[in-house]
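For reference, the structure is listed below as structure tokens.
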Amino acid sequence: MLIDRLGMRDHGTKYPSPVTSSNNDRLPTTGDVHLYADPKTYNTQTPVLYADCEGLDGGETIPRGLRHRAKEKEDVAIGLLNDVTNVMSKGGLRLQKSGSSRPPSVVETSSRRKLHKSRHASQRDIVWAVTPETKKREYAVMRLYPRLLYTFSDVVVFVLRNPRAFESTVLDKLLEWGSASIDKSLNQPALPHAIIALNATDNVDDEEWDIESATKRLLDDISDAIYREPRFQEQAQLWRDTGRTIKSTKDLLYCYYASISVIRIPSRGRYMLMDTQMEKLFQLINKRCQWSLMTKKQLRMLATADKLQIYLRAAYDHFARDLSTPFDFIKEALKHNPIPQDFGGNILDLAISISQNSKDIAQKGGTTERIFEKMVPMISSCIMLDSVRQNLLGTTVQLLNDAYVEFCHIALEDFANFYAPCSYSSSRYGRCCNVKSGHSQKGHQNKEGRIFSGGGYQSDVNLQEFGSLWITQIRTHLDQLQTQLYKLSHSLQEQSENQIAARLHREQLTDFYRSLGNVTDFVSHSTCFSCLRELPEHPLPCGHVLCLPCIEAYGIKTSGTSIEVDQCPLHPGQPLREPPWTISIKPPHAGVRVLCLDGGGVRGIVELYVLKAIERVLGDGLRIQDFLDLIVGTSTGGIIALGLGVNNWSVDECINNFKELCSEAFTPRELVGIPVLEKLAIVNHGSMYKTKPFEALLKQRFQGNRPLFGGANNQNEMSTKVAVTSTTLIEQHPVILTNYNRPDTAENELPYRLVRSNCPSREFKVWEAARATAAAPPFFKTFTKANDKSGYVDGALYHNCPVAVAHHERRMIWADTANTVPDILLSIGTGVNTLEHVSQSPRHDPDFAKYHGTSSKPKKTFLPVQLGNIVVGRFDRLLACSTIWADFLTDIGPQAYHQMGNREDRRYIRVNPGFQFKVPRLDAVDSLSLLIAETRKYTNDNKKKIREIAHRLVASSFFFEKDFGTVRAVEDGFLCSGRIRCRFSSSPEKVKKLGYFFRGCLQGTFEPHFVLEEIGTSTREAQQIPVGETIINDMYIRGVFTMRNLRVFVSKELSTTNISLCLQPGPYPISRSALLPISGFPRDLMNEDIHLQGRHSLRLKIFLINMPKYTYI
């Protein structure tokens, strides 16, 4: 009634509502639990959702809804498969032409792209249903449903037809429901409010239509029930034993519910009164929901709609496995709420790790005071180190008060609120497990969920007093470190202040982690546990992950592109490995090389043969990933990206593995070829093809348990960063899975988010990332990650051509080149039918508009969209990748070319082989040979374009290293000096292969050469720097690239300099020039360091200005 009554006022919008049974029907209508939207609050910030559950006294009778399901499955199967095959038939996928009609099954709605699951899709196997009694439907309804609904509902509405039977029926159920559930959750932020709706009321006093009067009358009538009924007496006594005062039934009800309200609903015929009472009911529900919301918000336990769904799913999984063990809200919430990436968040991360891993702290009682006092030397040293690294003016003690103290306070408060359990304990039942933010009015609970005493949260520390004392301890230790730093600076004058601070800090690190116990247990993927200041980016073979400044401080820089680390600063004296661990870095101001790979099922073979053609130009021994900094892939392109960039496969290895994956992935299910049964089997299993053979091969090829990021291993860190796209099943939000860390962004700043767990044990494995990016329904089942039950589907649903992701990521990772063009951004497609013309730009697609910053007027439609229908719609647009690319170039505007606006210097290149036939289906394994042959033909016909791409990659392997402090003003201009270097300098074998490539460029009198020029002036001629036979022979024979020092002169300080490489006498087809800029050029060599320092200065100012203000509560 609430839904239909309010829904009618919203003309044009249809809201689903429960189906009511007739008066003569003795079968229950509703089966299971269903969720419905409230029309009035649907578009507000706090929408109300109604959960409709089948009756608690339904017995073993199968509801009509479940009886209908079998028939519905068959109908869905036939309709869904017809729709999918209809689009995929006749030779392949294609876009709808203008004016063409869509398949009738595709629902036209502004949210078509969302993966609305089937109403009956969320099911679980009941592990505990092993006996005849527990297998009964009634048992699940009475035991499982209350645990879920009581735990998560803000308001519970009990509908009763006969108020005279309240005490014998509803009160019993009300108390039974609460008692069965209240001890089955820990850290529950708020108890639900109870509303008793007395339906079909006749012949009552007018005052009883008032909620307060009706509530008082009913509670007065049942006030003595706890003395009349033995079962109520028993429950009342249990609560009295915990210290609660129970004098009436109302007191007992308030042990289970935050409030009790009664409302009367009239019988038929009194429509005006009924409308009035329904409005009162709605207002009452809304008011109680707001109360609950405010309580949760005050405790910082308010979940968004997306997070609520995650928690519900986790609780569903939990209770489906075990009805007895309580569900812990805080524990689950912390899995999905990342710790802030700032100094306070990093201190909190370390404190959590100490509480979980330090044996020494645990033996002495891991109280908040002991943990934070233990961190005093570490935090003090980190502040000292950070102040030196950032060259902050003032003493460290002054800086503590100005910049760091508030973050220390926040870390302490957050730990006390969310991680420190209540200190109340009982000799019989043990210690209370609830933390401050989850310690509701239920009282004290032990780990079994038993409520053994009343009362609120008790802390083992007075935050106000200890906070002041703790900061004083940090201040004192900082003062001691400042004195030591001053003395060492005088005795070690040959060393810089940075080196001395790092040395002093390392001594503090050694003592600190040695005192904690097993240092290998202290690993974080969100905090550098060496400095507590920067983002951890570089995994070491011991499992620890350090930031770049710490790697530079404790490693040895062997070249402009590599650093060797022989010991981890967290446990010095223990060699990491022999030879030393090598970490690849991008030289300052060097540009970025990006590869972007589309999705397309078996058509991914096209991308591999394009890459093979590029490698053929580079020559034997030089692999495509050697020339790339970042690879971004979707679906099949994501699997290729992981193979190249993470597993370090050659292109030939990728091709062989890809062919095997295709043959295993598209293994048809049983009953193939049998009409109807085949379709039923697909719907029953959730996919057209078997999942287990596909997953088994992914595990085998991607080394089973190997994590995507971090983890102890003996392989040198890969220099190529990899990101693959996916889509969350619950939130229906695009995400990326990466083998790297990068600074986080503000919420909603990007149209996708990076998935990274604080806990290393929950990190994605490489095979899981491959499975998640290629989970394309209805071909394959959605992917569910085992350790956190998060679900994912194919990344192609949002980013089939992930060029926008690649563009954003390269700017987020490398801040020094964020506002310049990349050396190259190469996008490779999976083939396109050149006979067809795309008539609709995807920017007119409502989903494209939603996730690319443009507006789209929502339609007044509220219809459930089946997963298969969404896939059908997405198939219609798969070939829009080329248009997405064109729109991307339009969106970034002049940045598609270099800063001087030279439209001939193209850095963004798209290769998408055109075929004179309709492209094969995503699962057309038998078309592999055709695709290979046609791709080879395309690359042969476009040799000059492929050659230019390869040569541009070669040019990007050289960079200019400016000598420190050489920029100076001279007569008529400015001067600096430096040297052209090769990115492969730390790998002689690669330099030899590159030398072999240069030998092939020698043609008659032509020899490769660099060109140095000042852009925008005609007063000075360009300078040629030859790469003669002597240099080439050094490369080819010795594996060494060495060139003389260059003096760079410009007429103005703000002038732009370009250094290019010429590898052939004539121009290229794309750029129409024979000159290809080396990495990072053009550059403003004379003032670029000022801009870089300005960015660091701005970062510090933001750190100081945005410093949170702290007050204890």
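Every residue gets a Cβ built from N, Cα and C, even glycine.
Curation does not apply to TrEMBL; its annotations are automatic.
According to TrEMBL, the active site, nucleophile annotation covers Ser635. Annotated active site, proton acceptor per TrEMBL: Asp794, in sequence order. Summarising the annotation, TrEMBL assigns compositional bias 'Basic and acidic residues' to 1-13. Feature annotation from TrEMBL assigns compositional bias 'Polar residues' to 18-27, 97-109. Feature annotation from TrEMBL assigns domain 'RING-type' to 528-571. Here TrEMBL flags 1-29, 91-115 as region 'Disordered'. Annotation comment: TrEMBL describes 599-604 as motif 'GXGXXG'. Feature annotation from TrEMBL assigns motif 'GXSXG' to 633-637.
Long-range contacts of the domain 'RING-type' (528-571) within the same chain, counting only residues at least 6 positions beyond its ends with a Cβ under 8 Å from a Cβ of the stretch, are 341, 343, 346-347, 350, 353, 378-379, 382, 385-386, 389, 498-499, 502, 505-506, 509-510, 513, 519-520, 522, 577, 579-587, 709-714, 717, 719, 740-743, 760, 959, 961, 981, 983-986. A Cα-Cα distance of 6 Å separates the residue listed as 'active site, proton acceptor' from the residue listed as 'active site, nucleophile'. Counting every protein chain shown, the Cβ of the residue listed as 'active site, nucleophile' has 30 other Cβ atoms within 10 Å. For the recorded site, Asp794 (active site, proton acceptor), the DSSP three-state label reads strand. When Cβ atoms from all protein chains are considered, those within 10 Å of Asp794 (active site, proton acceptor) total 31, not counting its own. Among residues of the same chain six or more beyond the motif 'GXGXXG' (599-604), those with a C-beta under 8 A of the stretch's C-beta atoms are 633-640, 658, 662, 666, 774, 776, 779, 794-796, 800, 829-831, 878, 919-925, 927-928, 931. Look at Ser635 (active site, nucleophile): DSSP puts it in coil.
According to DSSP, the secondary structure content of the domain 'RING-type' (528-571) in residues is 7 helix, 13 strand, 24 coil. Here the motif 'GXGXXG' (599-604) is broken down by DSSP into helix, strand and coil counts: 4 helix, 0 strand, 2 coil.
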